[in-house]
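The following features are taken from TrEMBL:
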- 60: active site (ACT_SITE)
- 103: active site, proton donor/acceptor (ACT_SITE)
- 203: active site, proton acceptor (ACT_SITE)
- 103, 105, 202, 203: Mg(2+) binding site (BINDING)
- 7-203: domain 'Endonuclease/exonuclease/phosphatase' (DOMAIN)
- 105: site 'Transition state stabilizer' (SITE)
- 173: site 'Important for catalytic activity' (SITE)
- 203: site 'Interaction with DNA substrate' (SITE)
């Protein structure tokens, strides 16, 4: 786990041993309000580890805050540096089963936005630059492994304005996988009912089941949570 006060944090939980744990990806930019340049403090937004040969990154992509906020520029830079790192990693090892998981704070398509307060040109999460940054991960060799199995549905509902009862949510949590990872996906689920809890998170788990051995033993399928 890697956290920073009450604001940012990421974690990887596994029944199997974690190997090659990294806090932050190489080249990850930092942020400090009112300051620019290199060597800014890094927020707790990325942790990576290898589990049974699968390289997994748990991510909390910067929110962006507002289209005219420096945090928005930081968000786009952060995503581009992540894309570069991913592309370089897969160029060196094209068969690596690799997954980027977590809250991307982007609704890639109009169908992923059911919140009437999230509007293109006025708010973050749906701006063309953000959507282009998300789409660019495909050029790095990644695909959304859940979308083919669950084409529609949200993963986040704001606590305000009865967004969940009205189903006015966003699809902003994803599992992006390399070719080898995507080929191993046997099933997926968005656990919407978790949002109905007494004190729920505003996000729900996104899960992919994998079979990297072709053994066909469903009881032993690894599960990756976004």
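Glycine too: its Cβ is placed from the backbone N, Cα and C atoms.
Note that this is a predicted model, so its numbers are computed, not measured.
On the structure: features taken from TrEMBL.
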residue : record                                  : DSSP class
60      : active site                             : strand
103     : active site, proton donor/acceptor      : strand
173     : site 'Important for catalytic activity' : strand
202     : Mg(2+) binding site                     : coil
Inter-residue C-alpha distance, residue 203 (active site, proton acceptor) and residue 105 (Mg(2+) binding site) (nearest angstrom): 11
Number of other Cβ atoms within 10 Å of the Cβ of residue 203 (active site, proton acceptor) across all protein chains: 19
Between the residue listed as 'active site, proton donor/acceptor' and residue 173 (site 'Important for catalytic activity'): CA-CA distance (Å): 4
Cα-Cα distance linking residue 202 (Mg(2+) binding site) and residue 103 (active site, proton donor/acceptor), given in Å to the nearest integer: 11
Shell of the Mg(2+) site beyond 103, 105, 202, 203, same chain only (C-beta within 8 angstroms of their C-beta centre): 155, 156, 170, 172, 173
Least Cβ-crowded entry, counting other Cβ within 10 Å, from the recorded positions listed as 103, 173, 202: 202
Whole-number Å value for how far the residue listed as 'active site' lies from residue 202 (Mg(2+) binding site) (Cα to Cα): 14
Cβ neighbours of residue 105 (Mg(2+) binding site) where a neighbour is any other Cβ within 10 Å: 21
Those residues of the chain, 6+ apart, with a Cβ under 8 Å from that of the residue listed as 'active site': 8, 9, 10, 44, 45, 46, 102, 103
